[in-house]
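Residues annotated as N6-(retinylidene)lysine in Swiss-Prot: Lys299. The topological domain 'Extracellular' feature in Swiss-Prot is assigned to 1-40, 103-117, 178-201, 280-287. Among the features that Swiss-Prot reports, topological domain 'Cytoplasmic' is placed at 66-77, 138-153, 230-255, 313-402. Swiss-Prot lists 41-65, 78-102, 118-137, 154-177, 202-229, 256-279, 288-312 with the feature transmembrane segment, giving sequence analysis as the kind of evidence.
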Amino acid sequence: MYSGNRSGGHGYWDGGGAAGAEGPAPAGTLSPAPLFSPGTYERLALLLGSIGLLGVGNNLLVLVLYYKFQRLRTPTHLLLVNISLSDLLVSLFGVTFTFVSCLRNGWVWDTVGCVWDGFSGSLFGIVSIATLTVLAYERYIRVVHARVINFSWAWRAITYIWLYSLAWAGAPLLGWNRYILDVHGLGCTVDWKSKDANDSSFVLFLFLGCLVVPLGVIAHCYGHILYSIRMLRCVEDLQTIQVIKILKYEKKLAKMCFLMIFTFLVCWMPYIVICFLVVNGHGHLVTPTISIVSYLFAKSNTVYNPVIYVFMIRKFRRSLLQLLCLRLLRCQRPAKDLPAAGSEMQIRPIVMSQKDGDRPKKKVTFNSSSIIFIITSDESLSVDDSDKTNGSKVDVIQVRPL
């Protein structure tokens, strides 16, 4: 329970949630008194309203761009759209409940509202981290194992992501832990404090299944991706203009994915730290002010991903500029200046085999998402002088779009 000066938000929480040990109750008992001053509630409402509007606008824009422009419809972008859909739903449902409560100086919803707020927040948060994990794995099997990813694979992955997230978010609805009012009194979350074996086991497995394992998979995948790119750059026979472009593309894509993961962790880390404190019996250190700040950081993650897409993916940037010209400025670039939908190619595996009198043969596989380069050693095929680099003989380079 919270104790201390409720009007100023000073005091502490014992980690059991504002609802106490009895779980969610009718609205009147969930938040018996305001935890912040009226001015603080107004500022919180302004911040949450801004986060909600930006989250809805930015993520809705990503969905519109994906729908309108054929060039954006790739399996990788479909995974990015899944994150945007999750963030859009967070902005519509999760932020709205807290925003209205700020306007009313406290939680105004009943038990069902509390359960829905906790369930939706958990569901969409797990969807985001699970999609980032699948995105890392997708890059891993394309780059390291040189396998092609199609839409069927992407749709199956998204289906499993939502089923996996529903299982974890729905467990408290079936009696494995529960959703209670958070310490700041403006939203609901899992009961982190409970020492009951049933509740504690859920918290333990939730940390493992939705934090430790995903981060481990992400670290493993990107470690191998960076190693593969580094090995490819060390092979002198592949230092052609085309391959250099591929390396730049992959490096940029790796930076984008890393930035998305880094942003997610930065936004959610304060909340995760608070949960660890509560689980380990240090809930008295968590004040309502600290709790609401961590909540704002977590919800702000819904705003950043679309900005990352636009700034780091040229296809999104071109599509956005074209949409603005067509819809807002009423000026359309000449057709010859606009890239035709589907005209851009995707990079697939590079398989390289070299011949050099005294050196052993090397085989390098590399995968990307824009063009397929296959460098083979078929003696029946001829090769241009431009395909020979550094005194080595490369028999043929085949390039074909996906």
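Heads up, the Cβ atoms here are built off N, Cα and C, so glycines get one too.
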(request) Pull the DSSP breakdown for the topological domain 'Cytoplasmic' (138-153) and write it out as helix, strand, coil residue counts. (result) 9 helix, 0 strand, 7 coil
(message) Counting Cβ pairs closer than 8 Å, which of 41-65, 78-102, 118-137, 154-177 has the most of them with the transmembrane segment (256-279)?
(response) 118-137
(message) Any contact between the transmembrane segment (118-137) and the transmembrane segment (202-229)? By contact I mean 3+ C-beta pairs closer than 8 Å, pairs at least 6 apart along the chain.
(response) yes
(message) Under 8 angstroms, Cβ to Cβ: which one of 41-65, 78-102, 154-177 has the largest number of such pairs with the transmembrane segment (288-312)?
(response) 41-65
(request) Would you mind splitting the topological domain 'Extracellular' (280-287) into helix, strand and coil residue counts from DSSP? (result) 3 helix, 0 strand, 5 coil
(message) On average, what pLDDT score does this prediction assign to the topological domain 'Cytoplasmic' (66-77)?
(response) 89
